[in-house]
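Taken straight from Swiss-Prot:
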type	residues	note
ACT_SITE	Asp244	active site, proton acceptor
BINDING	Gly86, Gly88, Arg89, Lys109, Asp121, Gly122, Arg172, Arg179, Asp254	ATP binding site
BINDING	Asn245, Asp254	Mg(2+) binding site
Amino acid sequence: MTIAIPFDNSYARLPGGFYTAQAPQPVRAPRLVAFNADLARLLGIAPGEVEEMAQVFAGNAVPQGAEPLAQLYSGHQFGNYNPQLGDGRAILLGEVLGSDGIRRDIQLKGAGRTPYSRGGDGRAWLGPVLREYVVSEAMAALGIPTTRALAAVETGETVRRESALPGAVLTRVAQSHLRVGTFQVFAARGEIAHLKRLTDYAIARHYPDAQGPMGLLAAVRDAQARLIARWMGVGFIHGVMNTDNSSIAGETIDYGPCAFMDTYHPDTVYSSIDRYGRYAYSNQPDIAVWNLAQLATALIQQAEDKEAVVEEATEIVHAMPELLERAWLEVFAAKIGIARPGEGDKALVSELLTRMAREQADFTNTFRALGAPRARDQFTDPTAYDSWAEDWRQRLTQEATPEAVIRAANPAFIPRNHRIEQMITAAVEGDYTLFERLNTVLARPYADQPDHIDLTRPPSASEIVPATFCGT
């Protein structure tokens, strides 16, 4: 085997109760459809022949040094606790230390049944695999912490969902797959030794300066506050912010029914399973606080003096809304050209958003257009913009380089939902042209790319995607 992956597997050295050793299940006729060469270089992976990479990234050939396993976790799903979830379709091959010194997991998603599959087939179909590949790489290019996509492979098999669909496997890369739910499962079971071991492991891996469980809680809080603010700044809606999808490392993980807003409205929901809007765009900061409270509840279980720790944990959690608001304001102030927000700037941003919602303005294009004299064109009634812009321009007289700040904070290109659906439809028919084009264009989201201006346009009435689906 010529492909070389320099594994160093710390999670596999934890006690067996953290995971189950599980080899991927081979597939019939793997075909490599995407390989992220830049990410491979960062990870120190020496690629092999295309045929060989197809075998490895489909799970047919386990590379030397891998210790494949499925991780155990539980979690709150739409507010209801599920005591055992775990990797039902994913296999962690192992970890590598990148050239940047960061340890990362390499995981095969859609690699077959595990002890945690709960009756599922352990497989994924092509659509969600390509969606996660495109969207996660777009998020990375936007500068938002995220899992990454190393490879996508067609399996040559069909999976049965609403109909027979082409199977696929995604190779996902993450700083870890530790979730809030990883802590919850041991706390709920009263396995305090495992909970302490997990806490020490998470601190050593992600936050070496954190002091004990409450230091870890504060570090996760800060990372999540920064992350959610960045989501809000690009109109990203995760769609399924369960605690098992909340990353301890502060990365976006488990894209499922994710979407980007076209027309701005704070209550926007795309996920077909989010029937009551729990994870709507505007609710995401509050849900992040709720998820942090569940992590706090789990971490507290290892304390000897629980009363004192409860008080400290409460203070840490209660500080998160203010941190979120501060991070949100920094993000949105930059979007209107303000490098260091001050008094009155929140009201200025909020008033623009109110008018955008009322006038059904496109979220991405409106903010991008603030750097050019065309933002008023995004409003059905341009005078709604004009009256706000008077106050805004007056505020910008205090800024040195507002145009540069606007361009750096506002992408021209995002993975618009209708383009993702068009890409999937074409790929199922064997045409990867749009998939490849999206990956190329979205790698430079802040650059003007005149040849691809069509990818900045909102959907027509017939192209609107009203709902998104997990679909894996």
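All residue numbers here begin at 1 and follow the chain in the order shown.
Heads up, the Cβ atoms here are built off N, Cα and C, so glycines get one too.
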In whole Å, the longest Cα-Cα distance within the recorded ATP binders Gly86, Gly88, Arg89, Lys109, Asp121, Gly122, Arg172, Arg179, Asp254 is 23
Same-chain residues at least 6 apart in sequence with Cβ under 8 Å of the Cβ of Gly86 (ATP binding site), in sequence order, are Ala70, Gln71, Leu72, Tyr73, Thr114, Pro115, Tyr116
For Asp244 (active site, proton acceptor), the spatially nearest of the binding-site residues Arg89, Arg172, Asp254, using Cα atoms, is Asp254
Across Asp121, Asp244, Asp254, listed as recorded positions, the smallest other-CB tally within 10 A is for Asp121
When each of the binding-site residues Arg89, Arg172 is scored by other CB atoms within 10 A, the minimum falls on Arg89
